[in-house]
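> Quick paste from Swiss-Prot:
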- 1-28: signal peptide (SIGNAL)
- LYS35, ARG38, LYS69, PRO70, VAL71, ASN72, THR73, LYS94, ARG113: substrate binding site (BINDING)
- HIS40: active site, proton acceptor (ACT_SITE)
- ASN50: N-linked glycosylation site (CARBOHYD)
- CYS54-CYS112: disulfide bond (DISULFID)
- ASN62: N-linked glycosylation site (CARBOHYD)
- CYS68-CYS123: disulfide bond (DISULFID)
- CYS86-CYS138: disulfide bond (DISULFID)
- CYS93-CYS100: disulfide bond (DISULFID)
- ASN104: N-linked glycosylation site (CARBOHYD)
- ASN116: N-linked glycosylation site (CARBOHYD)
- HIS147: active site, proton donor (ACT_SITE)
Amino acid sequence: MALEKSLVLLPLFVLMLLVLGWVQPSLGKESRAKKFQRQHMDSDSSPSSNSTYCNQMMRRRNMTQGRCKPVNTFVHEPLVDVQNVCFQEKVTCKNGQANCYKSNSSMHITDCRLTNGSRYPNCAYRTSPKERHIIVACEGSPYVPVHFDASVEDST
C-alpha cells in the first residue's frame with residue numbers, strides 16, 4: 001500500500017520539479033522596462049555636480065559588474081513624465097528602428113562617461129549634469145520606455 005502511494009506520488013513530484021525548473025528562471029529575469037528604470041531613472045535626486053555621483057550610482061545600479069559600462073544617463077524627473085515621452089514626438093532611433101520618441105520639453109539629466117584610462121574593476125566616471133530633451137525607445141503593453149537612445153539640446 002505504501003509502495004503504491006510512493007509510485008503515484010513520484011511522477012507528480014518529478015513533474016513539479018520540472019515545472020519549477022522552467023518557471024523559476026523567468027521569475028528572476030528583469031523586464032526591459034524594469035532594466036530601463038534601474039539603469040536610467042533617479043527621480044529622487046536633482047542633477048548633481050558632485051564628482052562622485054556617477055561612480056556611486058553606476059556601482060549601486062549594478063552597471064560595473066564584470067565590466068565598466070562606458071556611457072550611461074540618469075534622468076531626474078518623475079517616472080510618469082518619462083513614460084509620457086512614449087506619446088510625444090516620434091523620431092527614428094539610432095539603430096534605425098521606428099519606436100523612439102523625443103520629449104517635448106528638456107529634462108534634468110546626468111551623463112556619466114567612463115574616464116580615459118579607467119579599467120575594470122576600478123570604473124571611474126565623469127559626471128555631467130545637463131538639461132536636455134531625451135529620446136527613448138518604447139514598447140510593450142503598457143507602452144513604456146525600454147531603452148535610452150540619446151539626449152539632445154534644445155533646438156531653439
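Cβ atoms are placed via backbone N, Cα and C, with glycine included.
Could you give the neighbours, burial and distances for every feature on this list?
For LYS35 (substrate binding site), other Cβ atoms within 10 Å of its Cβ number 13. Following the DSSP three-state reduction, the secondary structure of LYS35 (substrate binding site) is helix.
DSSP assigns HIS40 (active site, proton acceptor) to a helical segment in the three-state reduction.
Sequence-distant neighbours of ASN50 (N-linked glycosylation site) (same chain, 6+ apart, CB under 8 A from its CB) are THR127.
In the structure as shown, the Cβ atom of CYS112 (disulfide bond) sits within 10 Å of 22 other Cβ atoms. Mapped onto three states, the DSSP output places CYS112 (disulfide bond) in strand.
DSSP classifies ASN62 (N-linked glycosylation site) as coil under the three-state reduction. Of all the Cβ atoms in the protein chains shown, 12 others lie within 10 Å of the Cβ of ASN62 (N-linked glycosylation site).
For CYS123 (disulfide bond), the same-chain residues that are 6 or more apart in sequence and have a Cβ closer than 8 Å to its Cβ are ASN55, MET58, ARG59, THR64, CYS68, LYS69, LEU114.
Other Cβ atoms within 10 Å of the Cβ of CYS86 (disulfide bond) number 20 in total over all chains.
When secondary structure is read from DSSP and collapsed to three states, CYS100 (disulfide bond) falls in the strand class.
Taking a C-beta cut-off of under 8 angstroms and a sequence separation of 6 or more, ASN104 (N-linked glycosylation site) has the following same-chain neighbours: GLN88, GLU89, HIS133.
Note: ASN116 (N-linked glycosylation site) has no non-local neighbours, i.e. no same-chain residues 6+ apart with C-beta under 8 A of its own C-beta.
In sequence order, ARG32, PHE36, CYS93, VAL136, ALA137 are the residues of the chain that are 6 or more apart from HIS147 (active site, proton donor) and have a CB within less than 8 Å of its CB.
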> Given CYS54 (disulfide bond) and ARG113 (substrate binding site), what distance in Å do their CA atoms have, once rounded to a whole number?
8
> Can you tell which of CYS54, VAL71, CYS93, CYS100, CYS138 has the least company, meaning the fewest other C-beta atoms within 10 angstroms of its C-beta, among these recorded positions?
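Least crowded of the recorded positions CYS54, VAL71, CYS93, CYS100, CYS138, by Cβ count within 10 Å, is VAL71.
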> Please find which two of LYS35, ARG38, LYS69, PRO70, VAL71, ASN72, THR73, LYS94, ARG113 have the most distant C-alpha atoms, given that the record lists them as binding substrate, and give only that distance in angstrom, rounded to a whole number.
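Answer in Å: the longest Cα-Cα distance is 22.
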> Pull out the binding-site residues from the set LYS35, VAL71, THR73 whose C-alpha sits within 10 Å of the C-alpha of CYS112 (disulfide bond).
VAL71, THR73
